[in-house]
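Novice: Mind looking over this structure? Questions follow.
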Amino acid sequence: MARAFLFVLDSFGIGGAADAERYGDAGANTLAHIAEACAEGRADRERLRQGPLFVPHMASLGLGKAAETATGLGFAHFGTDLIANAFHGAAQEVSSGKDTPSGHWEIAGLPVRFDWGYFPDTVPAFPADLTAAMIREGEVPGILGNCHAPGTEIIERFGEEHIRTGKPICYTSVDSVLQIAAHEVHFGLDRLYEFCQVVRRLVDPLRIGRVIARPFVGETAATFQRTYNRHDYAVPPPEPTLLDRLTARGSRVIAVGKIGDIFAHRGISEVRKAAGNMAMFDKALGAMDDAGDGDLVFANFVDFDTEFGHRRDVAGYAAALEAFDRRLPEAFARLRQGDLLILTADHGNDPTWRGTDHTRERIPVIGMGPGLAGGDIGLRTTFADIGETVAEHLGLAPGRHGTSFHAMIGGHA
């Protein structure tokens, strides 16, 4: 049997989504706009990075070719030399959302065919009966925020009042989410998690995808900083995913980063977390070392999204891509005959785009494996093709959604 490694660069879209206009995202392209900014010197930052976007290892897997597949336009920012056993293509999402659970579930073979619940962009954003229940059942003196807002901004705005009053900061966005920020010391981390579990139960009837604990530290608006003790409380997938199918067979699924939270810990054998992309990469490499035949390592690199996409930090996003790319040879070196490595994304978050929210984009599907023929897998009509390919590679029977491209890259289950 073989092994599979699925690395999700959270929010690393490549434009071209056929339905982008419906979301107000026509023209959004995370990769292309970062590359353009770098080429024009607009992403230079002293002691961080300079010059054109330099990601030679992802380019050698066909990232530029994937970008051309996504948009139908040329992509001149990378060279065209590809390694022999690499494959490249792009995928269009069929799930209605442009959020983290929808993207990851679809990657794992389960498109989201229902509509998530959302909160309106009003003040207050939450229904009065929900707010009352949160206060009563969560045993808090009230809540702050109750609106749409970027996370760092709302902590700056309400953090000091939160410390004085003990009221948690509750907010939302265009995603199906209710986020709760609280101070790790003054409110307490365990208390925040307990409050989020109460809220998770209360919003279940509203089909809200995630309740997210957003702890922070600091004593003033100028010093507040979110920590890496974030925890997502997600709705469980409504039917088995690739992860469930693997663990039911007896294979291990090692979740790196927030993968366990995204799947409500369904189909997960082990969770490995760390703070920051580079520490997460260390965890992914360790999981690769420990994976046995038939196992899947599923890793999410969240900083691209939370630290740079939402914050519209082009230089930071570019530097993070370059740092990630520099580590890829360490992953390549761990691949053995019969292994499959796929790099992809779950949605876009163009740091040059208006607002602070995700962008509807196609995603790259690039990768390699010793013994594979590689090649062009074209435009996949659903992210679920990724999950089906991993399933076939690991010897599972076909699932209900998606079409494997395993044969196209010369794979043999």
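Each residue, glycine too, has its Cβ placed from N, Cα and C.
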Novice: To which of His231, His358 does Swiss-Prot also attribute binding of Mn(2+) 2 at the site defined by Asp305, His310?
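Specialist: It is His358, as the record lists it for that site.
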Novice: Using DSSP reduced to three states, classify Asp10 (Mn(2+) 1 binding site) as helix, strand or coil.
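Specialist: Coil, per DSSP.
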Novice: For Asp305 (Mn(2+) 2 binding site), what residues in its own chain, 6 or more apart in sequence, show a Cβ-Cβ distance under 8 Å?
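Specialist: Those within reach of Asp305 (Mn(2+) 2 binding site), by Cβ under 8 Å and sequence separation of 6 or more, are Asp10, Ser11, Thr100, Asn349, His358.
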Novice: If you count CB neighbours within 10 Å, which one among the binding-site residues His310, His347, His358 has the smallest count?
Specialist: His310
Novice: Can you tell which of the binding-site residues (Asp10, Asp346) has the fewest other C-beta atoms within 10 angstroms of its C-beta?
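Specialist: Result for the binding-site residues Asp10, Asp346: minimum number of other Cβ atoms within 10 Å at Asp10.
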Novice: Beyond the listed site residues Asp305, His310, His358, identify every same-chain residue whose Cβ lies within 8 Å of the center of their Cβ atoms for the Mn(2+) 2 site.
Specialist: Asp10, Ser11, Thr306, Gly309, His347, Asn349, Thr356, Asp357
Novice: Secondary structure at Asp305 (Mn(2+) 2 binding site) (DSSP, helix/strand/coil)?
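Specialist: The residue in question, Asp305 (Mn(2+) 2 binding site), is helix (DSSP, three-state).
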Novice: Taking only the Cα atoms, work out how far His347 (Mn(2+) 1 binding site) lies from His310 (Mn(2+) 2 binding site), in Å, as a whole number.
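Specialist: Pair distance, Cα basis, whole Å: 12 Å.
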